[in-house]
Ligand SMILES: Nc1ncnc2c1ncn2[C@@H]1O[C@H](COP(=O)(O)OP(=O)(O)O)[C@@H](O)[C@H]1O
Ligand SMILES: CC(=O)OP(=O)(O)O
Ligand SMILES: [Mg+2]
């Protein structure tokens, strides 16, 4: 029997998203999500697509990522898709921080694990969850290749002028302080899919990608290569996010220590978990914020305005970086679903050739689509991201290459 299936695990700080795909047709056999890991109210949602089966939901505490993965494994087994299947070729993992070293998908061994662990201080919300996902999967299937696909990889093409902070070079080099960028798998997939939507080759088009999920980042992609992105050493820099502040005068931190008497850990928590939309108005979900705005809630209105103001600044900046822009594209939970965010971010940018058609913008769809008027100089688009498909594709390509032609024949 040939092994053509890939399980993809996207372990976030408090969730695990997963997909099982058959790489012969890149079809999804099962998809699911474990949310609110570590809380009393954890929830698992599993859909066995291969059998057209109903979505199954279960609630109850899932204490950590190891327990989450075991629960996922049990759900898959119920559909005969368990991790023990000989049809499984590999497990692909999203790993958020790969530092400077990992520019390509990588088969995980002890050295790779050690490097992901070394990078925990610069991705404290993400790399520990990624590591637990990998270790638990290794324990369940020690014989199977596990592949890491790094969020940072796509951004390694950024020129030094964009990647370096203007601080003392020796200090920066000693501590490997530079801008790495994140969500790269999404930026790569979406920029390519945008070129396809425009009917042009990726090498020909310049795109500004706005990945607006819970974490949010923008990138400027010239001819298929990233030249600038908004996240930096860590996923804290840049846009206003669900719970993260994004850009900030670094002196705010000195002030909070010296005048506010706060510890570094308290400030870390403040900026990563109690800031952004949550910090501004108490909610991080854009649906809830829009509902409150529509009811006339002033705090929610200000939070929304600050979110949009930052987004607009980045659109303008990346327009200038690229010089010529073919498309501005919205993706991820907010970008794909929140029409008011798209409308407000593009409003009053006609002089840049940017506009949104209200009717097209109001359409709800899972398809990649244009939302700019037909005569627009620059396309504005919504392109759903698919990090899991991209990770599966990269994982399968790598494992197929590594196994070589000979091993395929064994046992067939
Ligand atoms: N219909 C919707 N309208 C507005 N915002 C939405 C909608 N659906 C999802 N979102 C937003 O998308 C966010 C999650 O995006 P997602 O890309 O899944 O994030 P992550 O991968 O970081 O968990 C939610 O916090 C919510 O704000
Ligand atoms: C890197 C990052 O911010 O990821 P996420 O949006 O999944 O939190
Ligand atoms: Mg995401």
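The chain as shown is numbered from 1 upward.
For all residues, glycine too, the Cβ spot is worked out from N, Cα and C.
TrEMBL tags one of the stretches 42-62, 63-83 as region 'Disordered', and that stretch is 42-62. Ligand 1 lies within reach of 214, 285, 287, 334 from the binding-site residues 94, 212, 214, 285, 287, 334, judged by a C-beta closer than 6 angstroms to any of its atoms. Taken in sequence order, the recorded positions 17, 214, 244, 334, 387 that lie near ligand 2, meaning a CB under 6 Å from one of its atoms, are 214. Between the listed recorded positions, namely 17, 183, 244, 287, the fewest other CB atoms within 10 angstroms of a CB are found at 287.
Each of the recorded positions 151, 387 was assessed for Cβ neighbours inside 10 Å, and the highest tally belongs to 151. The Cβ neighbour count for residue 212 (ATP binding site), using a 10 Å radius and every protein chain shown, is 27.
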